[in-house]
Amino acid sequence: MSEDAIGQQVPAAQEAAAGAEPNSAARERHATLSRELTEHQYRYYVLDAPTISDAAFDEQLRELAALEAEFPALRTPDSPTQRVGGAFSTDFTPVAHAERMMSLDNAFSDEELAAWAERVERDAGGPVPYLCELKVDGLAINLTYERGRLVRAATRGDGRTGEDVTANVRSIQDVPGELTPSAEFPEIPDLLEVRGEIYFPVAGFADLNAGLVEQGRAPFANPRNAAAGSLRQKDPRITASRPLRLVVHGFGARRGWAPSTQSESYAALRTWGLPTSDRWRVVPGLAGVAEYVAHYAAHRHDVEHEIDGVVVKVDPVAIQGRLGSTSRAPRWAIAFKYPPEEVNTRLLDIDVNVGRTGRVTPFAVLEPVRVAGSTVALATLHNAREVERKGVLIGDTVVIRKAGDVIPEVLGPVVELRPPEARSFVMPSRCPCCGTPLAPAKEGDIDIRCPNTRSCPAQLRERVFHLAGRGAFDIEVLGYKGAAALLDAEIITDEGDLFTLDTAQLARSPFFVNKDGSLGSNAVKLLENLTVAKERELWRVLVALSIRHVGPTAAQALARHFRSVEAIDQAGEEELSAVDGVGPTIAASVREWFAVAWHREVVRKWAEAGVRMAEEAVAQGPRPLEGVTVVVTGTLAGYSRDQAAEAIQSRGGKVTGSVSKKTAFVVVGDNPGTKAEKAAGLKVPVLDEEGFQVLLDAGPEAARAVARVEG
């Protein structure tokens with residue numbers, strides 16, 4: 001449930017029917033929705049234990065708002081559509097806000113956002129600048145400062161009266177007990193209500209739940225619940241022990257201070273010692289708003305806290321005053337809500353999957369549910385310890401998250417809905433595919449593995465599928481089904497047999513044969529693909545070997561340095577470790593891999609079949625980027641990520657995934673992530689794609705001349 005999920009956009013056609021008299025069905029539905037929504041608000045605001053997702057709550061609330069728009073007689077002051085938050089009895093002392101804490105109306109589509117902006121600009125008399133900021137999914141808080149000293153902290157409550165949580169808020173490191181005048185803003189207001197959001201960092205959420213489970217206590221379903229539950233503790237020491245953070249995003253009552261714009265107020269609040277976000281932007285019109293919304297839709301998980309949308313505000317305070325407010329929300333601000341990425345569903349079972357390196361991973365079998373544009377029936381649980389840390393039982397209602405193309409993940413259980421028959425997951429002791437006893441690869445490993453690496457059908461199928469991928473041999477027709485077909489027909493014993501396949505062997509599998517018994521086009525294409533794959537670059541061969549920890553970057557470093565599989569095989573661990581981009585872990589993994597006899601047999605078979613096992617001898621070309629470290633972020637029109645990395649590395653440069661003071665350049669394409677922002681903060685030179693080409697063609701000095709340094 002979102003704290004500002006109430007003021008929905010109501011279609012004009014429904015407003016036109018404002019005089020309609022409600023029938024019995026409408027009254028009954030309105031009563032049911034009001035009762036259910038009130039219960040959900042109580043569970044959300046007071047118990048910190050909601051039993052439905054934000055998306056489900058928003059959907060019910062929109063239905064109620066539509067009913068009241070069609071039948072105004074049903075709308076009453078105590079309707080969930082008219083309440084800002086939860087006016088419920090709690091154990092905390094009630095305290096009145098000097099100025100009401102209002103909520104926000106929502107926009108769920110570009111059209112609704114555009115309609116809001118059109119009304120704003122019509123009523124304002126022309127275009128206005130907008131301030132865009134992230135909508136933090138946390139707990140709303142009101143901090144009252146008198147003559148610069150914190151005297152009270154209160155939750156939102158019903159907007160007029162909240163709960164006094166001053167003692168707990170004082171324990172949060174981000175909250176200053178006293179404001180400090182600055183040169184730019186030397187006068188601290190006599191009275192200042194600061195509005196903000198207390199959140200639980202995503203990075204600490206799993207550890208908190210693990211600790212609660214170890215203590216035999218119920219875990220939180222998500223970071224927002226963790227923030228609310230941590231703040232509303234009777235013992236402030238518990239609050240102090242948890243890594244709660246604050247971000248401020250506005251003000252209420254004030255005396256002795258009149259900022260001209262919202263953005264000016266943020267600058268003042270920051271200089272006085274209050275933590276404002278560094279991600280807000282002022283844009284001149286709706287196009288800028290749309291760009292900001294799109295950017296964080298793609299990068300919402302680059303942020304340290306959970307977000308569920310973007311808040312858009314008219315920046316000039318004078319225009320805010322002219323636009324005014326409804327009974328519950330300002331007309332000068334709106335929350336654009338992203339499609340939900342978290343939903344509740346039932347955990348039907350927990351099964352395990354065996355990967356290409358033998359790792360046995362538990363996964364959740366779910367009651368199918370629609371989230372983030374697709375239907376999800378499976379979600380990762382990582383390992384047995386993670387299942388225990390999350391505190392999920394088979395039969396639980398669980399919160400799942402799906403973010404874009406990321407594998408769906410189980411966040412935690414809704415303990416309040418746990419059925420009596422719920423049961424714990426027990427990790428199998430034997431491989432479900434080949435029956436081999438499972439064990440950690442070495443003492444202390446979290447993961448358990450099937451040691452039957454050569455013959456386990458699951459591992460072999462995954463390895464064949466992997467080596468056919470775009471990052472390895474790029475064998476187009478050898479997908480998951482094709483890999484399984486080769487194994488099912490016992491055409492190959494291991495991946496070493498792949499490059500000696502012929503038509504007679506493929507004809508043994510129904511997958512590669514037409515109904516009339518002739519060889520299928522996929523078989524012909526596979527043999528053609530295999531011929532082409534034999535000439536792939538050495539680094540792709542190394543990736544295809546499924547050596548643990550050796551991905552494209554490490555494989556390219558090894559290929560560039562040693563130039564043949566034989567040289568890599570003969571190199572010692574210390575020599576391998578010294579290669580830039582390799583290091584001790586990868587070096588040890590390479591040595592372990594080549595120490596296995598059947599691994600070396602795969603290499604021998606591929607070499608005899610004509611697979612390229614060495615780079616062609618070439619004269620050492622110029623290395624203009626020797627010693628230059630480059631970070632690439634976003635999408636480039638002329639280069640894939642791998643191609644950009646290869647272009648840098650072939651000229652002697654180094655590609656890393658994080659920005660630091662040692663970074664020479666950050667290359668920024670479309671939809672860059674937080675790396676671009678970090679580059680600005682560290683004043684690292686930034687290149688667009690045209691500048692990147694200058695770097696490749698003319699070297700670092702020429703690139704510095706066309707780079708921009710922000711911050």
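Every residue gets a Cβ built from N, Cα and C, even glycine.
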- prompt: Pick from 1-29, 378-406, 407-435, 610-638: which range has region 'Disordered' per Swiss-Prot?
  reply: 1-29
Field: Separation of alpha carbons, LYS135 (active site, N6-AMP-lysine intermediate) and CYS431 (Zn(2+) binding site) (Å)
entry: 45
Task: Give me the Cα-Cα distance between LYS135 (active site, N6-AMP-lysine intermediate) and CYS450 (Zn(2+) binding site), rounded to a whole Å.
output: 45
Field: Additional residues surrounding Zn(2+), by Cβ distance to the CYS431, CYS434, CYS450, CYS456 centre under 8 Å
entry: VAL354, GLY358, PRO432, CYS433, GLY435, THR436, LEU438, PRO451, ASN452, SER455, PRO457, ALA458, GLN459
Field: Tertiary neighbours of CYS434 (Zn(2+) binding site) (same chain, Cβ under 8 Å, six or more apart)
entry: CYS450, ASN452, SER455, CYS456, PRO457, ALA458
Message: Can you break down the domain 'BRCT' (620-709) into helix, strand and coil residue counts using DSSP?
response: 35 helix, 16 strand, 39 coil
Query: Counting across all protein chains shown, how many other Cβ atoms sit within 10 Å of the Cβ of LYS135 (active site, N6-AMP-lysine intermediate)?
result: 24
